Amino acid sequence: MAGGAIVASGGASRSSEYQGGLTAYVLLVALVAACGGMLLGYDNGVTGGVASMEQFERKFFPDVYEKKQQIVETSPYCTYDNPKLQLFVSSLFLAGLISCIFSAWITRNWGRKASMGIGGIFFIAAGGLVNAFAQDIAMLIVGRVLLGFGVGLGSQVVPQYLSEVAPFSHRGMLNIGYQLFVTIGILIAGLVNYGVRNWDNGWRLSLGLAAVPGLILLLGAIVLPESPNFLVEKGRTDQGRRILEKLRGTSHVEAEFADIVAAVEIARPITMRQSWRSLFTRRYMPQLLTSFVIQFFQQFTGINAIIFYVPVLFSSLGSASSAALLNTVVVGAVNVGSTMIAVLLSDKFGRRFLLIEGGITCCLAMLAAGITLGVEFGQYGTEDLPHPVSAGVLAVICIFIAGFAWSWGPMGWLIPSEIFTLETRPAGTAVAVMGNFLFSFVIGQAFVSMLCAMKFGVFLFFAGWLVIMVLCAIFLLPETKGVPIERVQALYARHWFWKKVMGPAAQEIIAEDEKRVAASQAIMKEERISQTMK
């Protein structure tokens, strides 16, 4: 929602006018909403582990099983190069991409709570019913598609909701709660896969338990308050004010509420169709490009290639199935711990610093992994990796995961949720999530084929992209730490590069921002006079 310090013309800081802080109530609201991240996390974590279980492979992917048992001779790099297996992994993201088109309309017209509830229902139906009882690949893919609809809705609305309910000084911390629960979902999935690895049809339980995070999101949608921004936008101003006061723990919310009202007055005349069209004008192009490119960069760190395929990767390198699944648990634990670091650091050091530092860490780790595999495993991998080398590869992957988890992971969700204006926010966040799912689909569909074709070079490929990401973060990304989201567009209008992209609209935005500040101050003055008279 609103929040933070940005210096307006004349040098006046707005942050001192925002009252209230981090209350127990807003913490509880953010905690329940952030649980929606477990939908995406559990699915990401469970997929690769299930794909490495022999019972699952024999039933759905016998070609892969024969390669693993060396019934069919092949390079270890190519063991899992199977189009149907890749479709099983990536089909969810194609469905999620499509669902984002509808989720923006639902979020703007029915509210944030409705989007969360519908997403939870899709996840319960798909995880609890279709995938758990799948009899063939077709049924498995149908379940994945339904899961994709649920993940698409949850991923679009939860970060947006968290940004709208969070106080300015803790927006980064609370929004990263979504990514934290993504990592918790990944860890839980790894533990479940490891626990049922020797059970008959244990893979059914692994897939079926996806219904649990869906149920949590559905229940959360019932008990959570609606976003004050949405209520004001729908004309329920008094209710929006009451919820804002409860979230902030004070009745003195004049400045923040005035900013919301001013933003709504600009957004209200704009229809959903106009919102989508506006995104592609020069006025909003900087935010659109930022959010979309961040999603591209997030996936081309190689993160989902690692998360999806950690068990598969270590199986390919010679680890037994149980050891490969245990490695997944280790990676998941590192992921959770490092994301907790991001929760503490994002509002202290800012978004750009974490992206730059994390990008450098990930790049060095990818280089180390590629060089180690190139030297020890070679192009053909005729022998299993020695245990010390395998442990070294695991350590390097954990360093990569740590660097990603406090940078490109949480920032990939936080930044798009806080840079769009109210009138374009549902459509803008939908485009960001669509980009995430599009590139997740590409990586999920292509990684094992890339591993087969490029061998250890696939890690060097991702390292090259990480260099580009760091440079873009240094030169092209404005720092949004402490900036009220109603005023981020003015930040872009003053940026050395993005003001050129905006063209004449940049000066219009700056003038509108100054006018909005003046209007907010006038409303505050009237309310103070009114309270004094009472």
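Every residue, even glycine, has its Cβ placed from backbone N, Cα and C.
Membrane topology per Swiss-Prot: Gly195 and Arg268 sit on opposite sides, carrying different topological domain names.
Count of Cβ pairs under 8 Å against the transmembrane segment (434-454): among 87-107, 138-158, 329-349, the largest is for 87-107. Remark: the transmembrane segment (457-477) contacts the transmembrane segment (353-373), by the rule of 3 or more CB pairs under 8 A. For the transmembrane segment (205-225), the partner stretch with the most Cβ pairs below 8 Å, chosen from 21-41, 87-107, 174-194, 395-415, is 21-41. For the topological domain 'Cytoplasmic' (416-433), the residues of the chain that approach it from at least six positions outside its boundaries are 96, 100-101, 103-105, 107-108, 152, 155-157, 159-160, 162-163, 171, 175, 229, 233, 263-264, 266-267, 270, 272, 275-276, 278-279, 284, 287-288, 290-292, 294-295, 480, 483, 485-486, 488-489, 492, judged by C-beta separation under 8 angstroms.
Across the candidate stretches 138-158, 174-194, 395-415, the maximum count of CB pairs under 8 A to the transmembrane segment (353-373) is reached by 395-415. Most Cβ pairs under 8 Å with the transmembrane segment (21-41) belong to 174-194, among the candidate stretches 114-135, 138-158, 174-194.
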